[in-house]
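Here's the structure, in structure tokens; my notes come after.
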Amino acid sequence: MSSVLQKLITPLASSSAEPPRNKVTVVGVGQVGMACAVSILLRDLCDELALVDVMEDRLKGEMMDLQHGLLFLKTSKVVADKDYAVTANSRLVVVTAGVRQQEGESRLNLVQRNVNVFKAIIPQIVKYSPNCTILVVSNPVDVLTYVTWKLSGLPKHRIIGSGTNLDSARFRHLMAERLGIHASSFNGWVLGEHGDTSVPVWSGANVAGVNLQKLNPEIGTDADKEQWKATHKAVVDSAYEVIKLKGYTNWAIGFSVADLTES
Amino acid sequence: MSTQEKLISHVMKEEAVGCRNKVTVVGVGMVGMASAISILLKDLCDELALVDVMEDKLKGEAMDLQHGALFLKTHKIVADKDYSVTANSKVVVVTAGARQQEGESRLNLVQRNVNIFKFIIPNIVKYSPNCILLVVSNPVDILTYVAWKLSGFPRHRVIGSGTNLDSARFRHLMGEKFHLHPSSCHGWIIGEHGDSSVAVWSGVNIAGVSLQNLNPNMGADGDSENWKDVHKKVVDGAYEVIKLKGYTSWAIGMSVADLVESIMKNLHKVHPVSTLVQGMHGVKDEVFLSIPCVLGNSGLTDVIHMTLKPEEETQLVKSAETLWGVQKELTL
């Protein structure tokens, strides 16, 4: 190999490789982790992607499957290992590891099981990327973002929970569909808990700056003849519905994580 | 007046134009969904339709994609067991069918998948008589032939994903050897998408510099650099990933989006894909194998004549005979 390499290529700079500038790590190669990874790759957001998980065969298989697609991507390096050394120098670490909701199970039920998983994960992340930002996706995300903040010792501006980014996206999609416009043209925010008690801020809902609550002062209340409240209920129920139909959700959360990563 | 009426007034009297760049994906398994999201994330269509027989899974996948609509530039995502949902598609990607189990070769899947195609293909044709069929299900070369026969389409509108993925795998491995991006490493794998694919060593180059000129033994048994092993890794690649994670999805999904892009954007790009090769390179039978083809919005409009060594042509003829041996036993 070396003789063809030497005949073909003459290196000009020193041979030590530059560290990556926009490295992203995804912890957990389940359906959510891989949806996040592929969305990030297809949107050209990182120059290196690292994957970590405890299931070694699955991890290696996912890494190889992504590497086979590198021709079509603008990310030159995809690495994976059980050992967190592979995550060193990450700018952003996306944590999707942990157990997921079963059919009918609420997110809060998962807490203690996932806290134990995080006790193993978070110190390792911080060890190898002490300057990273951590984006927590695992559920219940608000509680686990708090747990990550405590376990990591990082300042709070570098610990982010994916939160209601997805709920807001679902809300905007469902509201926009009722009005016949693109989701990005419907402005509406869902805040608070990512889950059963999320809050749709009706006073802010607008299209082209036209406030919907001004057009319909009862919007979102039980008295509302048009029952717009049902749309928010559909947002809360949507994860459970998709889980019932296909066993899990992944694409929407993957796109929403890529959206946050991009910012 | 409802909130909607107070907010919005419809001012167009005519019928809405509807979709102009619709893509359908048949089969919402791992390959189908990886293809679907690669197509969506590359903004290739204004409408995406999904079809499958498993109704709950189909509905769940469609909902999951729709929930991501805010982040996409595809306004309409529809799904149904009924093929009427696929009407007016420009490209129909067929991923449906049984997949290889661990250790199973692609040819084993044939008859099972032919029966599935007898249901699928006529339904596609009924609702999108002018579409371009892109067959991905394995064994892809045989099933592209089957889709061609069952659809009655001219050969330029029936394309098999073929060795587009094998070539991508080869270029990735080449890139690793030279620390270069795969897009700067050129190499073509042609013929059967499978165990008897052909690596055309004479064409392997970087910046036009032929590597075989630098290493005349390239790909032969005496080759000290063991390029033959690189090709073997390509052939084994799918089996290895299947052994580790149960199936392959991401790479094939991205390679499908790459082909759909060339078609939808009328790029006239050359890709190694499966087409009718009867009369070329000594192939006598009506078989589909991968050679470099030009893809645009009419479909597969031109083929490239590679200058192959005698042993490379022999290999293609041998693959063609194997495929024909299987094809002539099929009940279409």
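Sequential numbering from 1, following the chain as shown.
Cβ atoms here come from the backbone N, Cα and C positions, even for glycine.
The NAD(+) site recorded in TrEMBL includes A:G28, A:V29, A:G30, A:Q31, A:V32, A:G33, A:D53, A:V137, A:S138, A:N139, and the single candidate from A:N109, A:N114, A:N165 that the record places there is A:N114. Annotation note: A:N139 (NAD(+) binding site) sits in a coil segment as assigned by DSSP. Across the structure, A:G30 (NAD(+) binding site) and A:H194 (active site, proton acceptor) place their CA atoms 20 angstrom apart. Around A:N139 (NAD(+) binding site), the same-chain residues at least 6 positions away in sequence with a Cβ under 8 Å from its Cβ are A:G98, A:R100, A:Q101, A:R107, A:L110, A:N114, A:H194, A:G195.
In this view, A:D53 (NAD(+) binding site) is surrounded by 22 other Cβ atoms within 10 Å of its Cβ, with every protein chain counted. When the binding-site residues A:V32, A:V137 are compared by the number of other C-beta atoms lying within 10 angstroms of their own C-beta, A:V32 comes out lowest. Counting other Cβ atoms within 10 Å of each Cβ, the binding-site residues A:G28, A:G30 show the lowest value at A:G30.
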